[in-house]
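So the structure is just underneath, and the comments pick up after that.
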Amino acid sequence: MGRSRGNFQNFEDPTQRTRKKKNAANVENFESTSLVPGAEGGGKYNCDYCQKDITGKIRIKCAVCPDFDLCIECMSVGAEITPHKCDHPYRVMGNLTFPLICPDWSADDEMLLLEGLEIYGLGNWAEVAEHVGTKSKEQCLEHYRNIYLNSPFFPLPDMSHVAGKNRKELQAMAKGRIDDKKAEQNMKEEYPFSPPKVKVEDTQKESFVDRSFGGKKPVSTSVNNSLVELSNYNQKREEFDPEYDNDAEQLLAEMEFKENDTPEEHELKLRVLRIYSKRLDERKRRKEFIIERNLLYPNPFEKDLSQEEKVQCRRLDVFMRFHSKEEHDELLRNVVSEYRMVKRLKDLKEAQVAGCRSTAEAERYLGRKRKRENEEGMNRGKESGQFGQIAGEMGSRPPVQASSSYVNDLDLIGFTESQLLSESEKRLCSEVKLVPPVYLQMQQVMSHEIFKGNVTKKSDAYSLFKIDPTKVDRVYDMLVKKGIAQL
């Protein structure tokens with residue numbers, strides 16, 4: 001596939017494997033980048049046999065003899081000069097600096113990309129980028145995905161829109177690049193103080209993040225960092241560890257295209273590549289969905305919600321894939337608003353059953369109820385904390401039965417009407433779970449109906465209240481004890 005093994009007869013020159021390095025002073029670096037003959041700083045090449053100027057032209061470089069070049073004509077007749085022999089392995093040094101498919105990717109870059117993928121395999125984009133030498137890891141990945149994987153002629157690129165130019169246009173482009181380099185060099189000589197250095201990886205990363213996900217991440221806090229750590233998300237690499245469908249690469253681990261493959265085997269391997277491409281697309285879709293919806297960080301909308309309201313929001317997470325971000329946020333607001341209204345209606349109905357006749361009374365009742373629940377929760381916490389300390393003493397002491405007054409008053413704390421009840425009535429309210437205001441209201445209504453003659457037995461009082469008939473029976477029995485009702 002690559003030029004590094006084209007005509008080498010099992011010989012591999014390590015200096016030619018990755019020849020585009022960051023050191024621009026390397027002569028090998030310029031062998032494929034010099035387009036204009038005699039360009040300044042590019043160096044000239046002469047045929048070592050006929051001494052013809054072959055700068056900027058296709059030439060033959062011997063892989064055994066150091067710094068030995070031949071023109072096409074001398075190579076075709078088998079010219080030899082000691083110590084060079086005509087049977088030495090050689091390399092064709094072409095001029096591939098023109099754009100082929102993309103304006104910012106030369107044909108030389110395309111060949112180095114495919115050669116790097118053949119050597120290091122899919123997924124090792126850092127090594128592939130090092131092999132190309134002029135592109136970053138993100139640029140190599142994006143270019144391979146857009147040009148090769150998403151090509152309608154997969155696995156081949158779409159060659160119907162090749163950015164071809166004639167020789168004059170290519171020379172003009174190269175001359176323009178050389179003029180730009182000269183201008184930059186002059187600027188550096190005039191202004192020796194260089195601007196502040198910016199880490200190239202950071203700038204590339206920021207541009208890649210903005211391009212892929214459409215925005216920067218929110219400012220991280222300690223809570224946010226803990227959520228990111230729990231999700232095993234590496235912010236700097238923008239990867240999960242492990243990734244979704246982490247075993248997808250195992251399909252290609254041992255697969256290799258060979259020259260002796262049958263058409264059926266070749267088609268089968270291409271089908272495996274298509275399946276692998278789809279699995280990568282699904283992995284990318286899920287990752288972009290998580291980043292776009294900001295699922296790695298707490299939702300600001302849920303910051304002021306109660307625990308019950310957060311539970312309601314979590315139940316709707318399964319519908320997030322069917323909505324846009326704005327639609328899902330609107331759904332959460334509507335559901336939370338509905339939950340609050342339903343809860344408010346239940347509280348008001350409970351207050352109404354308790355005998356409240358105004359909003360102020362209902363608020364006082366609900367406030368006392370919440371206060372009582374908080375006190376009971378604190379008491380349970382204290383009792384559980386002290387249980388370990390008094391466990392030994394409990395084993396040595398005889399069991400003490402709690403007083404009936406304490407048990408009866410336990411559920412009646414906070415009701416001023418409880419002062420109007422006797423001990424037996426308090427016990428009745430505790431057993432049947434009736435609050436004092438409701439009990440007094442039932443007693444008043446039943447007494448009024450008994451005096452009018454509408455209630456002569458227990459079953460007659462069932463229609464007066466929309467509660468459990470057993471509670472009505474207990475209240476009626478209490479009126480019988482007081483002599484108001486008759487059996």
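Using the three backbone atoms N, Cα and C, a Cβ is placed for every residue, glycine included.
Residue with Swiss-Prot feature N6-acetyllysine, selected from LYS21, LYS216, LYS382: LYS216.
Separation of the C-alpha atoms of CYS50 (Zn(2+) 1 binding site) and CYS62 (Zn(2+) 2 binding site): 16 Å, rounded to the nearest whole number. In sequence order, ALA63, VAL64, PHE68, PRO83, LYS85, TYR90 are the same-chain residues whose CB sits within 8 A of the CB centroid of CYS62, CYS65, HIS84, HIS88, the residues recorded for Zn(2+) 2 being left out. When the Cα atoms are compared, CYS62 (Zn(2+) 2 binding site) and CYS71 (Zn(2+) 1 binding site) turn out to be 11 Å apart.
HIS84 (Zn(2+) 2 binding site) is 14 Å away from CYS71 (Zn(2+) 1 binding site) when you measure Cα to Cα. The average pLDDT for the zinc finger (42-98) in the predicted structure is 84.
Across the zinc finger (42-98), DSSP assigns 5 helix, 12 strand, 40 coil.
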